[in-house]
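**Q** Quick one: this structure, given as structure tokens, is what I'll be asking you about.
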């Protein structure tokens, strides 16, 4: 019985992120449009886009290999697994112990590795450009991410997300400078990893500074749908991660009654909405930066992560 | 019945016998198959013996042979540490022999390889077995010389003679450092047996000197920056199966030497020693992978990436030293387990990647990635196993490279319990450096695979490449499966390593293989756990779910057409991203400072029809500042001394007279 309810909760979690991810992107686009005084497409437009892409035929380049065709499935699967392992509305899910925070970061790395390879597969200048810049951004974001993990793990004494969330939700933590720094760093990393403004622009296709979109330029039809879906999931994953690490309020503890699950889910939706709104406001208010300014931007995240970690060494209570 | 160590020595003798046989047979046609087949069998037997000794955990097993120094004899000993490294050596040796059964047929002058290959393996086995300083140094030199002969196989190719020369110089330097280290260890009594050295107490100053000398001696063989310069020259110059052994296995023998002396013989360490090892390891990891990223020769790229992995291993060893110095033995055994796990992993995937590079070399004749491309269509099996090697070395789950890095990060996260401030601040920074190295490794292998196996062929040879023979493929498939196996069942490997940590640190991680679902939990479940098997299963399930859903609900139509590229099609394959252009963003971020990289654009004046030119200037600052200056000083000194060489007979006579007078004067003043 316990096992069944465990599997149920884990299944709901997987389904929840699956269903919610396109909605979040639709919401962000809508808010951005409204902030620019446009009407904007419906909030459900991402679902329609995905369905439309699924119905279209795939146009493959003549020399595309099996890797090019397999990559959409692989990256989608890796991101989905990672997203399902980040606690959203409840901690202590059935398979939480499979992967800690380092593994989740590495799973996203696997997805990116294959996507960057696929960008090189057809042999166009755009694909190579996108791949080489993507790996540059990743190479800078990953150490910053790891320092954030250190910082959080030093506070909670664990890299296990459920344990961290439970620990930070408990009253013994309070307000800490180091966690604040780690949060700012994580937001910067999340912006870079999700190809958002100011690092990259998710809504351009023909701009020389584009990174992610250049890499997946050759994809079409159902392959493109999977990759887009993966990107939606990744955005939701990072927002869930920020919520779970720094704002785990009202997150349901494992084994609590159904009511606390409902409250947890409602709070989770609220947190995602707020985060989406803030992201839209931030993106409207900033301009995209030059590619070779990105290292400084991510360097700031690295320094914040390092400072946060060092502060914790100075005093456990900072 | 032979004892375990005697059985290993019999295998070594068999290898030496094969080497002698190879000299006799060298002109025969069947020699290649015979020698590699026999080596394969002997290495497989030695591997089984080593694994039995490791898993049985029966403790040390010694033997003294009446050869070597008359009052000392030659001591050999098989304990858990030696057994683990013997397993690594002989696994690498066996699979390299299997690969060479196919690859060796393409050798033009097999008599230049065949005798030295088994001799090289015998040398590595003996270094690991040796139990006194004299045999150790003798076997070390034997190993170096055998590998030098293999590096010089294709000595007429440009650059190889220089590679051999630099290797010989650095190997002599390394042995000199080892000689001094053992001289210090033996103390005034001059007892060269390891048992006596172990029993002796060592003064702190002396221990530090030995550590530094070991870093110079073993570090130069392993490729620690700045002693790495010979490695990217020598490893790629040898035939590919030997490159695999040198990079995948011989560097590990150097790591063995370091562990044996610093952890086993030297006694409890001082924490300052760990600072030195940690910082050298961190610098080595990042510099090694940056060099690799800028490289466009496939085999040299792999050699540079070996330097990175050696850096990772030394960081783990430094962590183990730091924890051991503070008597935190559980954390120390976690760090040491990470180091040994990475030793094992690197021997697997680096051999695999060198075999892949050898296969590419055989079928296209090219090592330069500027001449490769599109091999995924022409070499279906090689491209899959090479991809597995790339994913594994880039430390991505669910393969084995990730597990050892994960263990290392778990060890880094235990650093707050260290009492020293220097270490507290240093260890997280080193952790960030390693994360940087891991991310750069992913970038580097996206480049290696993307440029050589994906994209359009950049030369005629690449467009007409053929898949290689079945022996080579079998060797690569075995290694790729081992990479996956160690990635999804890491608990089994960790359990196999626990006798080693038990022997060295007197502490071991909890048994892993009986944990539910084959998870690994190094310290406590609260702190962190990982399950590679479930991660793989989840990915497989989600990917199949996605695939099934798409088959059910989506259009199946596929149309082939020319690449889209925003409507801007590149006419020639040379216009694709090349190794250099792929590295450009990272070169601009890191290279400007570390490699004094400059980009020059020559624009023709307006109205001219000459093409614009773009060139990149990169400096190897280690070579230019350190080695260039030393070489320059030696040159200048020898020019000065040259004048004394061509004197008249009167000049010589006066010189002899002056020397005699000076010596007599010295003697007079002395007494």
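Placed from the backbone N, Cα and C atoms, the Cβ positions cover glycine too.
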**Q** Ranges A:173-192, A:193-212: which does TrEMBL label transmembrane segment?
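**A** So the range that TrEMBL calls transmembrane segment is A:173-192.
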**Q** Is it the case that the transmembrane segment (A:294-314) and the transmembrane segment (A:135-161) touch, counting contact as three or more CB pairs under 8 Å in which the residues of each pair are 6 or more positions apart?
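**A** With 3 or more qualifying Cβ pairs, these stretches touch.
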**Q** Under 8 Å between C-beta atoms and at least six residues away from its ends: which parts of the chain pack against the transmembrane segment (A:73-95)?
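**A** The answer is 3, 6-7, 9-10, 13-14, 16-18, 21, 103-104, 107-108, 110-112, 114-115, 161-162, 165-166, 226-227, 229-230, 233-234, 236-237, 240-241, 243-244, 248, 251-256, 261, 264-265, 267-268.
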**Q** Run the contact check on the transmembrane segment (A:261-282) against the transmembrane segment (A:101-123): 3 or more C-beta pairs under 8 Å, excluding pairs closer than 6 in sequence.
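**A** When sequence-distant Cβ pairs are counted, the transmembrane segment (A:101-123) does not touch the transmembrane segment (A:261-282), since fewer than 3 lie under 8 Å.
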**Q** Which bits of the chain, at least 6 residues beyond where the transmembrane segment (A:135-161) starts or stops, bring a Cβ under 8 A of a Cβ in it?
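**A** Those are 85-87, 91, 96-97, 100-102, 104-105, 109, 112, 116, 167-168, 173, 176, 178-179, 181-182, 185-186, 188-189, 192-193, 199-200, 211, 241, 244-245, 294-295, 298-299, 301-302, 304-306, 308-309, 312-313, in sequence order.
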